[in-house]
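Chemist: Right, I'll just put the structure down here and ask away after.
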């Protein structure tokens, strides 16, 4: 059988082989061409049953080779026998039939049927004629799930019969596709049939039948076969197929080897090569990059970024483009995959908010902390998802914004300025500049962002995620030191007691002490005699001992369980588990729906597994701490920042200077992320909204500045993770064919749900406190590595370390000299290193300009 690739019934195995690329002798194609030239050709035949088709095919033989009536009857009886199918069965059915199947043999003279789309070779002696209605096993055959909707079955019957003296060949095309009863393995309408019977001849007919079946599965030949009006049209289609044929020389490969299906197949449009634009060289990473997959439905990003020449013209066009999709942005979210995306992105956003909130608290003396980070993320993200042009974007605190906030606080402290008031005026100026950029359609500059810029920025943000997760893990070694000095052999000498040295009145004794030896009396200046008694208490915890003014004595007092070690195991385990479960979709185990479900919920399953391991071990690993009260981290500040009173009046004017830098940073960060998310390779159908997104971010700057909340912009890595968690793939695919990527599930509900959960996280502290931080850092690492591996830069970095003979066959290596590829990569790495150095030094203030 063939759908896209060939499958064979294994000899004696009673099972279908793995799908493989069909390979057959070139001579069989020439024989097939002869059959089509000299055999019966019935085009647009009106028939409703297989018996009627056979009768017309046998009576329509050319007059010079007309069959005798007796011979016609024998051929008809032979062709109308019911073939023995090899149905696809479940494991339970196979176990139930184990040991019950009778031995099956072949009957000489029975034609072998090769249906390109659905039927199987006849294996045992047929006992009945073909039924006019489908059989029960046809209707219940699990293989039908692999057949695409709207598919038709074509039938190829070839065989050797002793009563024929010369071959009989017929090609039949029905005017309308009809169901041919129990002929096919699954019940499908049929349009094409090919019959070739003849006297015994070693394997010749079998190979001709395979060649015909392969032709009928070729999309270009299918078009010719459907539209052919004469025999010559069909021959011309076959000649076109021969023109594309590639011959493997004998002796250079093993003919018995089965060629596995490739991961990607060329489209029929590319095979015809009628579009001259496809052959023109294109930019290396612009919005129409050669590597992007074009789709017919959605608007082109070039159209979205064309200038209208009117104030706010681009914004109005964004609103008109997105408004018709607004209702479907909610209905399209009704899918289980969206639940997985919500949980995954929620935990990633919570971790990000806690991480950046904690760092902001350290950098700004708790003027902004974890609670402000939670509330700001929930509010800004919710509003953005509700009104933005690209709701798949996730707003969050980012590394570049944190760098600027830290520098701004240091500058305010050095020059005795009120940080929040200074920051308020900067935010108002940034919002003003942002509205001006939207009004003047400055987002059209995005079309000049090349792969160089996109990859450099994406790599920087990904490396920040990876670096921060590793840095946080290494800092655990300070909080929970590793016991390098612990020796198992010295365990008998390890002890720790609580020593309380107190002054006691002579009339009292240390009643609760295990051992309180009296010391000599001590005379105080008031001449009162007291006893200084060291009391070694039992039953007191370390905290109780220190609270009562005591100190710990003993060789094991500094011992702590190896929390650092188990934290690193949880960290690495979560990362590896996430990666393995994400790749489980492409594994060979379990049915497709199980693999999809596991892959969609990979991160959630990894987190649950790691939390279970942590709970079973019971060690005091650092846990997720969520604020439980709605009040500012710093009690000295309120929720509203006043514009005047704390700083000189001229600060409101001077603030425009740093605001320009922040505007550049926000514009670059927001728009580069938008370009990456709106690439054609994601096959988005609802279009982008570059101007509308920038307006939303600019207006949110006003609210977050007035309330003293952190500033937010598109988070590249989390947004990419959000997109990846919403990938749609075809539900059915032919055996051997990889599921087709259909696009992204575009909707607003997952983002809204994530930020609603962020808002109520304050009330979920009793549940969230059981999640270890190393587990969330492992998720951070997974997101950073996934985003880093998604860019071409990493492929080119690997090329630097590969000898030429081991390099993969990449498209750009065929057209660009290797030295130019390496030069491009090295310059990109140098610029990335420069950005990283600038970000980490005092010169970070000019970081936006350098981007």
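Placement of Cβ uses the backbone N, Cα and C atoms for every residue, glycine included.
For 1-255, the entry in TrEMBL reads domain 'Band 3 cytoplasmic'. According to TrEMBL, the feature region 'Disordered' maps to 106-134, 257-305. Taken from TrEMBL, the feature compositional bias 'Polar residues' covers 120-132. Taken from TrEMBL, the feature domain 'Bicarbonate transporter-like transmembrane' covers 310-851. According to TrEMBL, the transmembrane segment annotation covers 341-361, 373-402, 422-440, 452-470, 563-581, 601-619, 648-668, 689-713, 749-768, 775-794, 823-847.
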Chemist: Does the transmembrane segment (563-581) reach the transmembrane segment (823-847) with at least 3 CB pairs under 8 A, where each pair is 6 or more residues apart?
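Modeler: Judged by the Cβ rule, the two regions do not touch, with the required three close pairs absent.
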Chemist: Which sequence positions outside the transmembrane segment (373-402), separated from its termini by at least 6 residues, show Cβ-Cβ distances below 8 Å to it?
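Modeler: For the transmembrane segment (373-402), the sequence-distant neighbours (Cβ-Cβ under 8 Å, at least 6 residues beyond its ends) are 318, 321-322, 329, 345, 349, 352-354, 356-357, 359-360, 363, 460-461, 464, 468, 626-627, 630, 665, 669, 673-674, 677-678, 687-693, 696-697, 700, 703-704, 707, 709-716, 718-719, 722-723, 726, 744, 746-748, 751-752, 754-756, 758-759, 761-762, 839, 847-848, 851.
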Chemist: Taking residues 6+ outside the transmembrane segment (689-713), which of them lie with a CB under 8 Å of any CB in it?
Modeler: 304-305, 312, 314-315, 317-319, 321-322, 356-357, 360, 367-368, 372-373, 375-377, 379-381, 383-384, 387-390, 393, 395-398, 401, 405, 420, 423-424, 426-428, 430-431, 433-435, 437-438, 441, 443, 446, 632, 637, 639-641, 662, 665-667, 669-671, 673-674
Chemist: Establish whether the number of Cβ pairs under 8 Å between the transmembrane segment (422-440) and the transmembrane segment (648-668) reaches at least three, counting only pairs separated by 6 or more residues.
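Modeler: When sequence-distant Cβ pairs are counted, the transmembrane segment (648-668) touches the transmembrane segment (422-440), since at least 3 lie under 8 Å.
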Chemist: Give me the stretch from 452-470, 601-619, 775-794 with the greatest number of Cβ pairs under 8 Å to the transmembrane segment (341-361).
Modeler: 775-794
Chemist: So, taking each listed stretch (601-619, 749-768, 823-847) in turn and counting its Cβ pairs to the transmembrane segment (452-470) that are under 8 angstroms, which one gives the highest count?
Modeler: 823-847
Chemist: Over the domain 'Band 3 cytoplasmic' (1-255), what does the predicted model average in pLDDT?
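Modeler: Mean per-residue confidence for the domain 'Band 3 cytoplasmic' (1-255): 79 out of 100.
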Chemist: At a threshold of under 8 Å on Cβ distances, which of 648-668, 749-768, 775-794, 823-847 pairs most often with the transmembrane segment (601-619)?
Modeler: 775-794
